[in-house]
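Going by Swiss-Prot, these are the annotated features:
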- 15-35: transmembrane segment (TRANSMEM)
- 50-70: transmembrane segment (TRANSMEM)
- 81-101: transmembrane segment (TRANSMEM)
- 103-123: transmembrane segment (TRANSMEM)
- 136-156: transmembrane segment (TRANSMEM)
- 169-189: transmembrane segment (TRANSMEM)
- 202-222: transmembrane segment (TRANSMEM)
- 246-266: transmembrane segment (TRANSMEM)
- 275-295: transmembrane segment (TRANSMEM)
- 301-321: transmembrane segment (TRANSMEM)
- 333-353: transmembrane segment (TRANSMEM)
- 364-384: transmembrane segment (TRANSMEM)
Amino acid sequence: MTINPVSRKVAWLRVVTLAIAAFIFNTTEFVPVGLLSDIAESFHMQTAQVGIMLTIYAWVVAVMSLPFMLLTSQMERRKLLICLFVLFIASHVLSFLAWNFTVLVISRIGIAFAHAIFWSITASLAIRLAPAGKRAQALSLIATGTALAMVLGLPIGRVVGQYFGWRTTFFAIGMGALITLLCLIKLLPKLPSEHSGSLKSLPLLFRCPALMSLYVLTVVVVTAHYTAYSYIEPFVQNVAGLSANFATVLLLLLGGAGIIGSLVFGKLGNRHASSLVSIAIALLVVCLLLLLPAADSEAHLAILSIFWGIAIMVIGLGMQVKVLALAPDATDVAMALFSGIFNIGIGAGALVGNQVSLHWSMSAIGYIGAIPACAALVWAVLIFRKWPVTLEEQPH
């Protein structure tokens, strides 16, 4: 199915709008990390108790990514995007109105449903809508939108929450989604499904040991990162005893360092993806081990967060590149699985951080996170040695 030829300008506008949508969807997943203390205060709960909604959201996305992709595989893509945006916006209005924590969690589950469908179709849509010969650039634009969610979305969401209340943050995300939806309605042509959501490719993917090993690495390293990252805002305020404003600065630094990470990966990723990912995981181990010692000063935490941000961005980009390289004929299913597995890691990390904070001490989140990070480092070295060629990005 080819789309009627359009000007390059219109084609790029379509891809950019999708990238903005990716930014919005990822911002709403990450933004509660910066709002945990405020949400806890408004519902008279402990921060660690509120943190469970990070796990619920991530695991709903993880469990529903593949089923939703298959359920909607025959649906015309423009109509599907409109439907999932309506669900996304309505759920944000419910988040804004949430009269108790249960209602807030229900609204987040609605958002997670939309998120699960969105991420299982976005990569293939970007490729279809891209100007001729610009598929790789279209995919990197979507990745940039995703990366900017951590760089800008999360800190801006936190600033809005700090000054206008956390409800306003969710309302603003909903309004951003509404504007994006209107742009998509105007810009997108009819996009008949290309039946990309087929289970036939699943057995092939499961029979690829390099890919399965990569999925295991993903879940372990993401669990390590989110064990500490999910609770970084209350950690800065309650353990380090620093101000709410500094917590915002730290999130901005951590996200902003991701830009450096993506530049490093963009320059060296094609040839040295395995080495880069291994070095980044080693850097993550060091950052997690030093989190508590660094809490003695703002400068130490700031420096640590820069290295942490670089490491996690390189890891995320490296994993995506490798998954796409190992499953060139089943990118939709492979990426839906990757998204699901990534979210299992987010949920698991947030849950471990939650349990450590509730039953032990929030000061230990870095040390506990370093345990799976060390395991991930050993696993990465082993699998990159075993499959050195197939794990490198295929030439375009």
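Glycine is no exception: its Cβ is also placed from the backbone N, Cα and C atoms.
Note on the transmembrane segment (169-189): residues 3-4, 6, 10, 13-14, 17-18, 20-21, 24, 27-28, 31, 35, 77-78, 81-82, 85-86, 88-89, 92-93, 95-96, 129, 157-158, 160-161 of its chain, located 6 or more positions outside it, place their CB under 8 angstroms from a CB of the stretch. Remark: the transmembrane segment (50-70) makes no contact with the transmembrane segment (364-384), by the rule of 3 or more CB pairs under 8 A. Through the fold, the transmembrane segment (202-222) approaches residues 281, 284, 315, 319, 322-323, 326-327, 330, 333-334, 337-338, 341-342, 344-346, 348-349, 372-373, 375-376, 379-380, 383, 386-387, 390-391 of its own chain, all at least 6 residues removed from its boundaries and within a Cβ separation under 8 Å. Per-stretch counts of Cβ pairs under 8 Å to the transmembrane segment (275-295) identify 301-321 as the leading one among 136-156, 301-321, 333-353. It is 136-156 that, among the stretches 15-35, 103-123, 136-156, 333-353, forms the most Cβ pairs under 8 Å with the transmembrane segment (246-266). When each of 15-35, 136-156, 301-321, 333-353, 364-384 is scored by its Cβ pairs under 8 Å to the transmembrane segment (103-123), the top-ranked stretch turns out to be 15-35. Between the transmembrane segment (81-101) and the stretches 15-35, 136-156, 364-384, it is 15-35 that has the most C-beta pairs under 8 angstroms. Remote same-chain partners of the transmembrane segment (15-35), defined as residues 6 or more beyond its termini with a Cβ less than 8 Å from a stretch Cβ, comprise 53-54, 57-58, 61, 85, 88, 92, 108, 111, 114-115, 118-119, 122, 125-126, 129-130, 138, 141-142, 144-146, 148-150, 153-155, 157-158, 161, 166, 169-170, 173, 176-177, 180, 183-184, 187, 229-230, 232-233, 247-248, 251, 346.
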